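**Student:** Pasting a structure here, questions to come.
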Amino acid sequence: MSVLPFLRIYAPLNAVLAAPGLLAVAALTIPDMSGRSRLALAALLAVIWGAYLLQLAATLLKRRAGVVRDRTPKIAIDVLAVLVPLAAFLLDGSPDWSLYCAVWLLKPLRDSTFFPVLGRVLANEARNLIGVTTLFGVVLFAVALAAYVIERDIQPEKFGSIPQAMWWAVVTLSTTGYGDTIPQSFAGRVLAGAVMMSGIGIFGLWAGILATGFYQEVRRGDFVRNWQLVAAVPLFQKLGPAVLVEIVRALRARTVPAGAVICRIGEPGDRMFFVVEGSVSVATPNPVELGPGAFFGEMALISGEPRSATVSAATTVSLLSLHSADFQMLCSSSPEIAEIFRKTALERRGAAASA
């Protein structure tokens, strides 16, 4: 029996298997654990290691067959998950060999889409992040210097040098404040208050830069996906890039579960829809099913008449909607859009009449 189907079953279980494995690694560090319990935990680690070995074999076979390509990071994680514990078991005779199974921390990240996004965010925001980090370093040294000057005679054992004062500066800038080092003078306490406020501002800058970067990355991905969808719609294929950008910016995402009614016949319509994923069923005398790239509901925007058919989700469907207010703005700024919609409405009305 081929092991190739195993990968499809196993891939979602990376985190599920890693969790008990890492808990077993932690439990094996308890000094007074009985020998039987240690043996059971070691057996559990061996079972998980065997599962990871099968996954590695499946991945390599799929890659050799050409089914999977460009998965070097995933394969590297699979190789490390197998070889590192094996090498530790064979070469390290001490009970600490199980600690090397901590490499399984990488397994839940194997199929994650978060870290590629994080990498792009860090690359895009590198200049701003480096700038804030530089500011942090400057403030850190300045605070340590000030604390050294103010407190060195009062607490020479804690502020007797700038490196010693830097520990207090770090924990105070991060607003952690362990309490092991506290300024005794009035000037030192005023400095501590100012440093805490500065730390909040600096960490707020870091958080704001990363949050903005993630938001822009998600928006960029949505924009590209929506652009590809809109550009593939025959209705818009003759429009220029500038007009397409306006349309994409006006679209709003919506997900509808299977069987749900999207619009009913006779209802007033205030938007049209584009199908991104899934399919919808149009209840006409000759029922029609529309898939990705199709659109419906444009008649209500053009003529203002009620819905001419009931449309429901044949499967779970992702839609992009264009509201009437946005539609009117687009038509006023780009008359060619209004003309394209008008011609399409006439064609569909004629086709419906002939049917």
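Cβ coordinates come from backbone N, Cα and C, glycine included.
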**Student:** I'd like to know whether GLU125 shares a side of the membrane with GLN155 - going by the topological domains in Swiss-Prot.
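**Tutor:** GLN155 and GLU125, as annotated in Swiss-Prot, occupy opposite sides of the membrane (different topological domains).
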**Student:** Among 95-112, 221-238, 239-256, where does Swiss-Prot put the label transmembrane segment?
**Tutor:** 95-112
**Student:** Per Swiss-Prot, which of 151-156, 175-180, 343-348 is motif 'Selectivity filter'?
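**Tutor:** Comparing 151-156, 175-180, 343-348 with Swiss-Prot, motif 'Selectivity filter' matches 175-180.
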**Student:** Can you tell me which parts of the same chain pack against the transmembrane segment (186-210), counting only residues 6+ beyond its ends and a CB-CB cutoff under 8 A?
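**Tutor:** Beyond its ends, the transmembrane segment (186-210) has Cβ neighbours at 121, 125, 128-129, 132, 135-136, 139, 143, 146-147, 150-151, 154, 169, 172-175, 177.
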**Student:** Under 8 Å, at least three CB pairs between the transmembrane segment (13-30) and the transmembrane segment (130-150) (pairs 6 or more apart)?
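**Tutor:** The answer is no, given that the two segments have fewer than 3 Cβ pairs within the 8 Å cut-off.
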**Student:** At a C-beta cut-off of under 8 Å, are there same-chain residues at least 6 beyond the topological domain 'Periplasmic' (151-161) that contact it? List them, or none.
**Tutor:** 168, 181, 183-185, 188
